[in-house]
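Presented below is the structure to which this report refers.
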Amino acid sequence: MDVTSTTAASASASGGGRWYTGMSADNIKGLVLALSSSLFIGASFIIKKKGLKKAASSGVRAGVGGYSYLYEPLWWIGMITMIVGEVANFAAYAFAPAILVTPLGALSIIISAVLAHVMLREKLHIFGILGCVLCVVGSTTIVLHAPPEREIESVTEVWDLATEPAFMCYAAVVIAIAAILVYRFVPLFGQTHVMVYIGVCSLVGSISVMSVKALGIALKLTFSGTNQLIYPQTWAFTLVVISCIITQMNYLNKALDTFNTAVVSPIYYTMFTSLTILASVIMFKDWDRQNPTQIVTEMCGFVTILSGTFLLHKTKDLADGGLSTSSSFRLPTSSSVRFSKQTDEDGEGIPLRSSESFRSPH
C-alpha cells in the first residue's frame, strides 16, 4: 500500500502538479484579463468601423481627411470599448508572465474577423477560418504550459532583475540596434523596406513590455496596501514606458502610412512577440521554472499562432476583393495600447506599399 500510495503521489506531482503550478491563481487572473482585453479590442474595431460608415454617409470620410466620425456616438462607443480592453491588457501583465499574455493578442484578430463576418457581412474565407483555428490551438497550448508568475514583493525586486548583467546586455544591444536603424537606415531605406520601421517598433516594444509589467506590478502592490510610489524605481519605469510609447507610436504610424496593413501587421506581430518573449525569458527567467518539454511545447504553440496569424492576413482579403476585415494588433505599452491604422474603411488592398505612399506631394 505504501508503495502504491507513493507511486500515486509521484504521478500526481508530475502530472497534476504541473497543471496547478502552471495555472496559478495569478496566471488565471492574467488569462481572464488578457482574454477580456482581446474580446473588447476585437469588438471595438468593428463598432468603430460601423460608426465610420455611418458618419461617412452624412459627412466627409475619414479616409480622405474627414472628421465627421467625431460626432458619431457609435464611434465613441467603439473607442471606449477599446480603452476598456487596453486597461484589461495592462492589468494582465501585472498578474501573468509576458510569455502568456503577449501571444494572446492574436485572439483579437479572430474576434474582429468573426464579428466582421457576422455584423458587417464581410465574408470570411475558408483559409481564414483555418487561421482562426490555428490561433486558438496555439493559444490553448501556451495557456496550458505557461510558467507560473514569479512572486515579487516590491518594485525594487523588479529593478534588481532589470539591472542584472544579462538583461542589461540585452537592453544595450536593443538600444544600439534601434539607434542604428533610426539614424542610419530610416533615412535611406525607411520608405522602401518594411523591416526598418517595424524593426524599431519591435525592438523598443520588447523593452516597453518589461517596463509595463514592472509598472503593473508596482500598481498591484500599491492597491493591495504596499505603497510602491515612494520608490524612485517606479517612476524610472514610468519614464521608460513613456519614452517607448512615443517611439513606438512614431515609427509604427510611419510603417502603417507607408506600407499596407496586411503586410505590416503579421510581420510586426511576429517580431514584436518573439522579442518580447526573449526579453521576458532573460529578465524574469521564465524558463528557469519549466522543464524542456514545457518550453518546446510553448514554442510549438507560438509557431502555431504565427502560422494562423499569417494565414488570416494572407487570405482575409480574397473574399471581399481586397477589403481588409481587421487591422488590430496588440502593442503593449503603458496601457498596452494597440495602434492600428484605420484602413478598413479605406478599402486598402494587398500590395506591399500603401496607396497613400504613391500620392503626389502636389
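Yeah, the Cβs are placed from backbone N, Cα and C, and that goes for glycine too.
Any TrEMBL annotation is an automated prediction that lacks curation.
Features as listed in TrEMBL:
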REGION    329-362  region 'Disordered'
TRANSMEM  28-47  transmembrane segment
TRANSMEM  67-84  transmembrane segment
TRANSMEM  90-114  transmembrane segment
TRANSMEM  126-145  transmembrane segment
TRANSMEM  165-183  transmembrane segment
TRANSMEM  195-218  transmembrane segment
TRANSMEM  230-251  transmembrane segment
TRANSMEM  263-283  transmembrane segment
TRANSMEM  295-312  transmembrane segment
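Ranked by Cβ pairs under 8 Å to the transmembrane segment (230-251), the stretches 28-47, 165-183, 195-218, 263-283, 295-312 are led by 195-218. Under the criterion of 3 or more C-beta pairs below 8 Å, with sequence separation of 6 or more, the transmembrane segment (165-183) and the transmembrane segment (90-114) do not qualify as touching, having fewer than 3 such pairs. Counting C-beta pairs under 8 angstroms (sequence separation of 6 or more), the transmembrane segment (295-312) reaches the transmembrane segment (90-114) with 3 or more such pairs.
Between the transmembrane segment (263-283) and the transmembrane segment (90-114), the number of CB pairs under 8 angstroms, six or more residues apart, is three or more, so the stretches are in contact. By the Cβ criterion (distance under 8 Å, sequence gap of 6 or more), the transmembrane segment (195-218) is counted as touching the transmembrane segment (90-114), at least 3 such pairs being found. Proximity of distant same-chain residues to the transmembrane segment (90-114), defined by a Cβ-Cβ separation under 8 Å and at least 6 residues beyond the stretch ends, is recorded for 26-27, 29-31, 33-35, 37-39, 41-43, 45-46, 124, 128, 132, 135-136, 138-139, 142-143, 146-147, 149-150, 209-210, 212-213, 216-217, 219-220, 269, 272-273, 276-277, 279-281, 284, 286, 298, 301-302, 305, 308-309, 312, 316, 325-326, 328-330, 332, 334-336, 338.
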